[in-house]
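Enquirer: Shown below is the structure under consideration.
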Amino acid sequence: MSNKTPPTSVLSVNAGSSSLKLQIFVIPKNNDISKPKLLLKASISKLTSPPAEFTFKNTESDKYAIESQTLEKDINSVDDAFHLILEHLKKDESGFGAPKLDQITHVCHRVVHGGELGVQGPLVINHSVVKELEELTTLAPLHNGPAISVLKATSTSLKNATNIVFFDSSFHASLPDFIRTYPIDQKVAKERKLRKYGFHGLSYQWILKNTARFLGKDVKETSIIALHLGSGASMCAIKNGESYDTSMGLTPLEGLPGGSRSGTIDPSLIFHFTTHPSTTDQTPASIELSHAENILNSSSGFKSLTSTSDFSQILATNPPTQETTLTINIFLDRILNFFGAYWLKLNGGKGGVDAVVFSGGIGEGSPKFRKMIVDGFDGLNGGFDELVDGRNNNEDGEETVYSIGDGGGKVRLLVCKADEELQMVEECLADTKLW
Ligand SMILES: Nc1ncnc2c1ncn2[C@@H]1O[C@H](COP(=O)(O)OP(=O)(O)O)[C@@H](O)[C@H]1O
Ligand SMILES: CC(=O)OP(=O)(O)O
Ligand SMILES: [Mg+2]
């Protein structure tokens, strides 16, 4: 329920497939509502390649700070992670610079799949919204369930707060019909809402607005190829400020491979892979995740090719093994497939691409992998910036967007640090309909 008061203290929660990231912002009294102040940042990562890692930073006090702690306890779900962070927050309350947990007025939640709800943009939750989201769980099996469980936990533990959901899929409402439509029976497709939705949209919105700012361009005139390479990886062709194509589809399984996801495969492979496919005559509401779908989401991708879903470990294996080399080559190859396609679709050869932007844990964290990708652009002869090693290796840059190229090309090479949490908070503060 909305409490109809302007936000003064906002908690923002991002339940990813391998991590939970959380930030708290305050709007100091008499201050501009568009300038939230970061009070606290916490994350638990490596949930799918344990042991998990905990970080906690209160900008006002170091008393309970945790730079990076390997968790001994069996923390391997977003739910566990949320409760652990909540316990730590309660301990930290005494050291809080400003509001206590019960003074949080608004909670922003990243929900990956919004289905048709997602087209409307962010929503204040009520029972019917939660019910609709629950029905979408099977369409984002690694994400929606955990996000709903955090949503329920904050509704119970932060009773005074308004809970708002922000959808990863909303940014892709602009996909043209010939891109969003799968060539299947259209009656069935419409009835069951089977189409490309696309995800990582909060990240793409953040990348777009910050890249436009960096380039000094209007968002509506900015066209980029963005790569969000995290535990789940996707790419997006953004044309004049709108999503024109993206690699994920009906679910976050389509497109690039990821930590535990296969990405695109021949759909018939499912029937050769499993001896327990779901039967086809179930109604959508009663369909459980099939065995095969579960395998493709949870035990495929990097994890099935090497011993880990943690890409930093795969890149760091020295000397590389046959398995790590194969994994890296597969990921690179699929990225270049999409890159070539998006370059054509955006008319890159005729100046239709302003920048290539890397983001997500891998996109931000690995100069080595960025260089491999950029080397793959050679054949396009596309007027890209030259990669500058000193810039590409810049690990401590504080800026949200920075250049890794020489700046002399028609197509800039940039890194943008993902911040889906702040993206949600900025949207929340800007949209008075939400409070
Ligand atoms: N410095 C790094 N170099 C390469 N990969 C990295 C680095 N830091 C994190 N990663 C990888 O990023 C992925 C996690 O990305 P992230 O965007 O945080 O995940 P999530 O999808 O859960 O939001 C993991 O595969 C991790 O190994
Ligand atoms: C949509 C998706 O795959 O998200 P994440 O990378 O956070 O798991
Ligand atoms: Mg993420």
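Positions of Cβ are set from backbone N, Cα and C atoms, glycine also.
Heads up, TrEMBL stuff is auto-annotated, nobody curated it.
Look at TrEMBL and you will find ASN14, GLU420 tagged as Mg(2+) binding site. The ATP binding site annotation in TrEMBL covers LYS21, HIS228, LEU229, GLY230, SER231, GLY232. Among the features that TrEMBL reports, substrate binding site is placed at ARG110. The active site, proton donor/acceptor feature in TrEMBL is assigned to ASP168. Among the features that TrEMBL reports, site 'Transition state stabilizer' is placed at HIS200, ARG261.
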Enquirer: Cβ neighbours within 10 Å, counted over all protein chains: which one of the recorded positions ASP168, GLU420 has the most?
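Expert: Result for the most crowded candidate: ASP168.
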Enquirer: Cα-Cα, whole number of Å: GLY230 (ATP binding site) versus HIS200 (site 'Transition state stabilizer')?
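Expert: GLY230 (ATP binding site) to HIS200 (site 'Transition state stabilizer'), Cα-Cα distance: 10 Å.
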Enquirer: Quick check for you: of the recorded positions ARG110, ASP168, HIS200, ARG261, GLU420, which have their Cα within 10 Å of the Cα of SER231 (ATP binding site)?
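Expert: Neighbours among recorded positions, in sequence order: ARG261.
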Enquirer: If you measure from the Cα of HIS228 (ATP binding site), which of the recorded positions ASN14, ASP168, HIS200, GLU420 is the nearest?
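Expert: Comparing Cα positions, the candidate nearest HIS228 (ATP binding site) turns out to be HIS200.
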Enquirer: Taking DSSP as the reference, which of helix, strand or coil describes GLU420 (Mg(2+) binding site)?
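Expert: For GLU420 (Mg(2+) binding site) - judged by DSSP and reduced to three states - the answer is helix.
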Enquirer: List those of the recorded positions ARG110, ASP168, HIS200, HIS228, LEU229, ARG261 whose Cβ lies under 6 Å from any atom of ligand 3, in sequence order, or write none if there are none.
Expert: none
Enquirer: Anything within 10 Å of LYS21 (ATP binding site)? Look among the recorded positions ASN14, HIS200, GLU420, comparing CA atoms, and list what you find.
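Expert: Final answer, ordered: ASN14, GLU420.
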Enquirer: List, in residue order, those recorded positions out of ARG110, ASP168, HIS228, GLY230, GLY232 with a Cβ under 6 Å from any atom belonging to ligand 1.
Expert: GLY230, GLY232
Enquirer: Around ASN14 (Mg(2+) binding site), which of the listed recorded positions (ARG110, HIS200, LEU229, GLY232, ARG261) come within 10 Å, judging by Cα atoms?
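Expert: The recorded positions close to ASN14 (Mg(2+) binding site) (Cα within 10 Å), listed in sequence order, are ARG110.
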Enquirer: At the level of the C-alpha atoms, what whole-angstrom distance separates GLU420 (Mg(2+) binding site) and ARG110 (substrate binding site)?
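Expert: GLU420 (Mg(2+) binding site) and ARG110 (substrate binding site) have their Cα atoms 8 Å apart.
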Enquirer: Based on a Cβ-to-ligand 2 distance below 6 Å, what subset of the recorded positions LYS21, ARG110, HIS228, LEU229, GLY230, ARG261 would you report?
Expert: GLY230
Enquirer: Taking GLY232 (ATP binding site) as the reference, which of ARG110, ASP168, ARG261 (the recorded positions) have a CA within 10 A of its CA?
Expert: ARG261
Enquirer: Measuring Cα to Cα, how many Å separate LEU229 (ATP binding site) from the residue listed as 'active site, proton donor/acceptor'?
Expert: 15
Enquirer: List nothing but the one residue from GLY230, GLY232 whose Cβ has the fewest other Cβ atoms within 10 Å; the candidates are the binding-site residues.
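Expert: Comparing Cβ neighbour counts within 10 Å for the binding-site residues GLY230, GLY232 gives GLY230.
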